[in-house]
Amino acid sequence: MSYPSNASGRGFHYGRFVQKLREKAASLPNVNLEQGTVTSLVEENGSIKGVLYKTKAGQEFAASASLTIVCDGCLSNLRSNLCSPKIEVPSYSVGLVLEDYNLPYANRAYFILKDTISIAYPISSKEIRCLVDVPGPKLPSISTGEMASYLKTVVAPQMPAELFNAFICAIDKGNIRTMPNRIMPASAYPSPGAFLIGDSLNMRHSVTGGGMTVGLSDVVLLRDLLRPLNDLSNAASIYKYLESFCVLRKPTAFAINTLASTLHTVFSSSDQDPARKEMKEAFFNYLSLGGVFSDGLMALLSGLNTNPLSLFFHCFAMLAYAVGSLLLPFPTPKRMCIAARLVLVGSGIIFPILKAEGIRATFFPATMPAYYRTPPLQSSTGHRETGK
């Protein structure tokens with residue numbers, strides 16, 4: 001499968017990518033980069049005035065700003081001051097770097113969907129990042145060798161031949177990393193002077209790798225909203241204006257969040273449920289139709305298409321395809337029962353996600369008052385101020 005419109009995806013070392021972004025920002029003449037660990041937000045009279053942070057040497061300093069952008073990722077220790085997070089952890093991702101492989105298709109991401117979900121994608125000319133989805137609330141221990149045993153006995157037999165030896169070698173090297181897969185709907189509440197973006201605000205399962213897409217989309221959107229402002233000192237009016245951000249970000253975030261949760265729910269389930277088994281088969285058969293069907297899903301997954309109605313169309317077209325495959329040419333009582341169960345399961349996946357994201361904000365954003373926020377009146381002699 002390829003991206004539509006001649007677009008292309010990118011795989012990379014996450015840490016190197018973030019460091020390059022920081023270096024780029026620091027090279028700008030109006031940016032002063034200070035490095036430290038933020039310990040808390042500074043609040044005065046119900047408004048955020050900046051942050052407290054510690055340097056590597058252990059010294060604590062305060063940084064003041066009219067607007068504080070909180071973007072400290074999935075492990076944010078600041079979001080609890082700005083929202084009421086409801087975080088679900090359905091599984092863990094176990095990461096390995098594979099070398100000396102021989103993939104049949106270059107520059108492709110591989111989804112290995114058997115008893116477990118595994119993803120492999122290039123991060124350099126000689127390395128592949130492999131992520132294994134481990135379900136459940138508890139991980140096998142790395143220190144006791146339980147994790148290595150799990151990967152070798154449960155996951156390795158499901159690997160394609162081209163990756164098997166490289167996968168075993170990566171396990172033996174022992175550089176195994178783990179990360180909880182967190183799902184958290186966006187639910188920020190008014191806090192003049194501060195703003196949440198990226199994984200600090202909203203998280204989805206990592207199965208589609210959509211976190212960076214949503215995070216960078218948030219950055220671009222917030223940049224465009226802040227561009228006409230030259231004075232950030234009136235925290236209340238600035239926050240009221242930036243309420244439009246939460247509405248404008250919905251289309252991109254909704255599509256990627258929904259597909260990530262749907263794919264994980266469908267492919268992490270056991271084949272013992274006939275309805276879920278049919279749903280898996282329908283997904284592959286739907287993609288194999290090619291054309292607008294596969295291109296449409298790839299455009300949604302990658303953020304190239306942010307229309308929620310397109311997502312709804314593909315989800316229910318896939319469901320209709322699955323039901324039609326079951327009932328044609330001759331429906332039997334057993335097949336009709338499975339089809340009914342399939343509709344219930346599919347609806348049970350989609351509608352809770354839609355409810356969490358917000359039906360009105362997602363499908364009818366023009367009915368939201370925040371959609372029409374305009375920049376507050378600014379003094380023409382004011383100076384632009386940036387926050388940390």
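Just so you know, glycine gets a Cβ as well, placed from its N, Cα and C.
Predicted automatically and left uncurated, TrEMBL annotations should be read as such.
Looking at 145-167, 283-305, the range tied to transmembrane segment in TrEMBL is 283-305.
If you take every residue in the domain 'Squalene epoxidase' (65-332) and average the pLDDT, you get 90. If you look at the transmembrane segment (337-354), the same-chain residues 6 or more away from its ends with a CB under 8 A from one of its CBs are 257-258, 261-262, 265-266, 273-276, 278-279, 315, 319, 322-323, 326-327, 331, 362.
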